[in-house]
Amino acid sequence: MLLLFHSKRMPVAEAPQVAGGQGDGGDGEEAEPEGMFKACEDSKRKARGYLRLVPLFVLLALLVLASAGVLLWYFLGYKAEVMVSQVYSGSLRVLNRHFSQDLTRRESSAFRSETAKAQKMLKELITSTRLGTYYNSSSVYSFGEGPLTCFFWFILQIPEHRRLMLSPEVVQALLVEELLSTVNSSAAVPYRAEYEVDPEGLVILEASVKDIAALNSTLGCYRYSYVGQGQVLRLKGPDHLASSCLWHLQGPKDLMLKLRLEWTLAECRDRLAMYDVAGPLEKRLITSVYGCSRQEPVVEVLASGAIMAVVWKKGLHSYYDPFVLSVQPVVFQACEVNLTLDNRLDSQGVLSTPYFPSYYSPQTHCSWHLTVPSLDYGLALWFDAYALRRQKYDLPCTQGQWTIQNRRLCGLRILQPYAERIPVVATAGITINFTSQISLTGPGVRVHYGLYNQSDPCPGEFLCSVNGLCVPACDGVKDCPNGLDERNCVCRATFQCKEDSTCISLPKVCDGQPDCLNGSDEEQCQEGVPCGTFTFQCEDRSCVKKPNPQCDGRPDCRDGSDEEHCDCGLQGPSSRIVGGAVSSEGEWPWQASLQVRGRHICGGALIADRWVITAAHCFQEDSMASTVLWTVFLGKVWQNSRWPGEVSFKVSRLLLHPYHEEDSHDYDVALLQLDHPVVRSAAVRPVCLPARSHFFEPGLHCWITGWGALREGGPISNALQKVDVQLIPQDLCSEVYRYQVTPRMLCAGYRKGKKDACQGDSGGPLVCKALSGRWFLAGLVSWGLGCGRPNYFGVYTRITGVISWIQQVVT
């Protein structure tokens with residue numbers, strides 16, 4: 001600026017003014033020098049004056065720029081403040097009004113009138129507090145008992161940095177403070193004009209825009225029901241013209257609601273979600289169930305209190321309700337116990353969440369204190385399809401939190417048994433706490449408890465540290481996931497002589513012929529011995545040394561229990577059989593044909609007067625899960641004709657093993673209960689079931705039977721086929737199938753292939769003949785790669801691996 005100002009003045013100082021042309025007389029005289037110097041002096045004085053003002057101008061300019069910057073920053077900062085919608089849901093109790101049935105019908109004039117007044121009251125209440133600045137919108141969507149309860153939601157538009165400050169607890173406290181401040185006030189308060197709101201009956205919960213959208217989508221099919229104490233209320237089914245419905249359920253104040261859901265169709269795609277509040281708040285979801293679940297045909301769900309919501313989402317269109325809902329109020333069950341255990345090693349009782357097998361409720365807390373009789377013992381907890389894992393840092397347990405000896409563990413649903421072993425180091429006992437950390441719950445939890453010897457936790461067996469279970473050791477099957485039960489074995493799946501650790505095959509033990517150097521294999525054959533991997537356990541819980549003593553015609557147990565239930569496994573007088581031969585009538589009298597609409601689907605075996613065993617994968621499709629579809633034929637030989645010895649049955653019950661996993665084929669076993677008992681004959685009689693300790697020696701030749709295809713990809717056979725196969729060592733088969741073979745599986749076949757089961761044989765029996773002449777069920781046709789391919793064996797469900805479940809169901 002100074003240079004520019006100076007340059008503009010330079011011509012004035014350096015360019016003297018000259019009179020234009022000539023004077024009046026036309027003689028052209030110059031101007032007087034004095035005038036010129038005077039003008040120049042004045043110009044210099046003015047320039048120096050301007051120069052003195054320059055700092056002031058600069059200062060003013062800087063002030064203007066700074067002010068503009070501050071204002072610009074302020075306004076830009078203000079505009080950058082992000083406003084967010086904070087959604088709340090809740091309820092309030094009105095003391096001077098009463099609920100009526102008209103308020104359950106959203107289309108009624110009473111509902112519309114009450115809603116308008118209640119919404120006005122709610123808005124006035126909120127805007128009377130410091131929240132009024134942020135008020136956006138609100139809605140009262142339903143009413144309930146109590147004398148009158150209003151259910152609502154509202155939205156506050158707040159700066160993002162204040163979002164965490166306005167938690168539901170803070171908002172509720174502000175509203176309660178406002179209500180309390182006007183209780184005894186004589187001044188007119190707008191929101192108290194028509195409603196006397198109970199401050200203690202106000203509840204505020206966190207919600208979301210998504211929750212409100214879900215709620216609004218159900219209001220066209222909204223049902224409110226109050227169920228009284230001692231009442232079981234069956235709920236009206238959904239409106240099939242709607243895509244979604246909501247049942248708003250309420251019971252007496254001091255009770256909790258129990259909802260029962262029963263699926264009525266074999267197949268559907270409907271979704272039901274249960275909430276621990278009056279509306280569909282995602283953070284208060286108890287559980288969701290989908291599509292006519294076969295695994296859970298009946299579900300019972302507990303709320304934490306007297307309010308529950310059930311939301312239905314339509315799946316496939318149907319003229320029939322795919323489910324039945326009923327609800328009842330129940331009393332709170334205490335979940336605390338103090339127990340002193342007896343001085344014995346078996347299971348001594350059961351602990352469970354309230355109303356087991358109902359889903360445990362949100363806010364469940366159980367505390368069990370158990371005292372052991374001696375420090376020689378530890379406490380064992382045996383779970384069914386449930387395991388305990390170490391809790392991850394700062395993450396809640398979604399399936400129940402356990403606290404045991406200051407250890408925090410999370411529950412986890414699994415398709416396996418599991419045991420938790422707790423060492424005891426003090427006589428004070430052990431306290432076990434179970435807590436539902438979040439609203440999302442699951443099926444009720446049950447655990448068997450008992451003692452174990454801390455110095456010898458698994459007598460005669462191996463303690464698997466992975467799952468806490470006692471498993472057979474050195475039997476040729478890796479029962480423990482890490483395989484440690486089969487390491488360091490001197491004699492694997494054989495008998496070890498005491499004298500020199502020589503190994504002899506098990507069938508040579510107690511056979512009357514000494515094989516060990518000093519005859520130790522023939523010692524203690526007529527007396528009880530400690531129980532072990534291959535010892536047979538009698539009904540009196542004693543064990544005998546002789547392998548496979550069942551039904552051999554000679555009592556080995558003191559109580560004779562090894563010779564009981566032996567009317568089985570005898571042949572008459574005489575989906576997958578490749579390289580086989582046609583069977584004769586009565587040759588395999590336990591063989592079953594499972595048919596749907598006259599078409600053979602799977603094989604099976606008769607194991608008791610009303611029970612047939614088969615593979616679970618025969619029913620894995622929803623369309624095959626209904627018992628009414630199936631007909632069971634026994635004594636059948638030819639598929640296209642009947643003979644006098646064959647009989648047919650309908651199915652009254654279908655039970656899949658609870659641990660069955662479709663992808664891995666693990667626990668591939670199912671039981672069918674027949675609609676009436678069989679009449680035994682030469683053509684119809686059961687096969688023998690092996691004990692858990694029964695040993696099927698690798699290399700043993702056994703037989704499979706069925707109507708399966710005679711070659712891979714071919715049609716099923718018309719005649720019942722039979723073929724002999726050889727039992728394969730577990731390690732070899734597991735290697736062939738890249739370690740997908742589980743301890744509940746066994747393999748049979750030949751390296752060269754050719755003889756194998758095939759499509760249509762699934763569920764059919766693999767039977768082995770004992771020295772007594774009786775046939776024992778070793779396996780069920782399950783899976784394999786192709787049919788009769790070289791270097792691939794057939795894989796079968798190992799009956800000894802699932803025999804405990806079979807006996808539990810059948811007996």
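Placement of Cβ uses the backbone N, Cα and C atoms for every residue, glycine included.
Features reported for this protein in Swiss-Prot:
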- 56-76: transmembrane segment (TRANSMEM)
- 77-811: topological domain 'Extracellular' (TOPO_DOM)
- 84-209: domain 'SEA' (DOMAIN)
- Asn136: N-linked glycosylation site (CARBOHYD)
- Asn184: N-linked glycosylation site (CARBOHYD)
- 213-336: domain 'CUB 1' (DOMAIN)
- Asn216: N-linked glycosylation site (CARBOHYD)
- Cys335-Cys366: disulfide bond (DISULFID)
- 335-452: domain 'CUB 2' (DOMAIN)
- Asn338: N-linked glycosylation site (CARBOHYD)
- Asn433: N-linked glycosylation site (CARBOHYD)
- Asn453: N-linked glycosylation site (CARBOHYD)
- Cys458-Cys470: disulfide bond (DISULFID)
- Cys474-Cys489: disulfide bond (DISULFID)
- 490-526: domain 'LDL-receptor class A 2' (DOMAIN)
- Cys491-Cys503: disulfide bond (DISULFID)
- Cys497-Cys516: disulfide bond (DISULFID)
- Cys510-Cys525: disulfide bond (DISULFID)
- Asn518: N-linked glycosylation site (CARBOHYD)
- Cys531-Cys543: disulfide bond (DISULFID)
- Cys538-Cys557: disulfide bond (DISULFID)
- Cys602-Cys618: disulfide bond (DISULFID)
- His617: active site, charge relay system (ACT_SITE)
- Asp668: active site, charge relay system (ACT_SITE)
- Cys702-Cys768: disulfide bond (DISULFID)
- Cys733-Cys747: disulfide bond (DISULFID)
- Cys758-Cys787: disulfide bond (DISULFID)
- Ser762: active site, charge relay system (ACT_SITE)
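Shown here: features listed in Swiss-Prot, placed on the structure.
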residue : record                           : CB count, 10 Å
Asn184  : N-linked glycosylation site      : 6
Asn216  : N-linked glycosylation site      : 13
Asn453  : N-linked glycosylation site      : 12
Cys497  : disulfide bond                   : 19
Cys510  : disulfide bond                   : 20
Asn518  : N-linked glycosylation site      : 12
Cys531  : disulfide bond                   : 18
Cys602  : disulfide bond                   : 28
His617  : active site, charge relay system : 22
Ser762  : active site, charge relay system : 26
Using a Cβ-Cβ cut-off under 8 angstroms and a sequence gap of six or more, which residues of the chain neighbour Cys525 (disulfide bond)?
Cys510, Val544, Lys545, Lys546, Asp556
When you rank Asn216, His617, Cys733 by Cα distance to Cys503 (disulfide bond), which of the recorded positions ends up on top as the closest?
Cys733
Quick test of the contact rule: Cβ under 8 Å, at least six residues beyond the ends. What residues does that give for the domain 'LDL-receptor class A 2' (490-526)?
474-476, 534, 544-548, 556, 695, 697-698, 771
Do you know the mean pLDDT across the domain 'LDL-receptor class A 2' (490-526)?
92
Helix, strand or coil by DSSP: which one applies to Cys510 (disulfide bond)?
coil
DSSP-assigned states of the domain 'CUB 1' (213-336) in counts, ordered helix, strand, coil:
12 helix, 54 strand, 58 coil
Starting from each candidate's C-beta and looking 10 angstroms out, tell me which of the disulfide-bonded residues Cys470, Cys557, Cys733 has the most other C-beta atoms.
Cys733
How long is the line from the C-alpha of Cys497 (disulfide bond) to the C-alpha of Asp668 (active site, charge relay system), rounded to the nearest angstrom?
37
When you rank Asn216, Asn433, Cys538, Cys618, Asp668 by Cα distance to Cys470 (disulfide bond), which of the recorded positions ends up on top as the closest?
Cys538
Across all chains shown, how many C-beta atoms besides its own are within 10 angstroms of the C-beta of Asn433 (N-linked glycosylation site)?
16
Between Cys503, Cys516, Cys702, which of the disulfide-bonded residues has its C-beta surrounded by the fewest other C-beta atoms within 10 Å?
Cys503
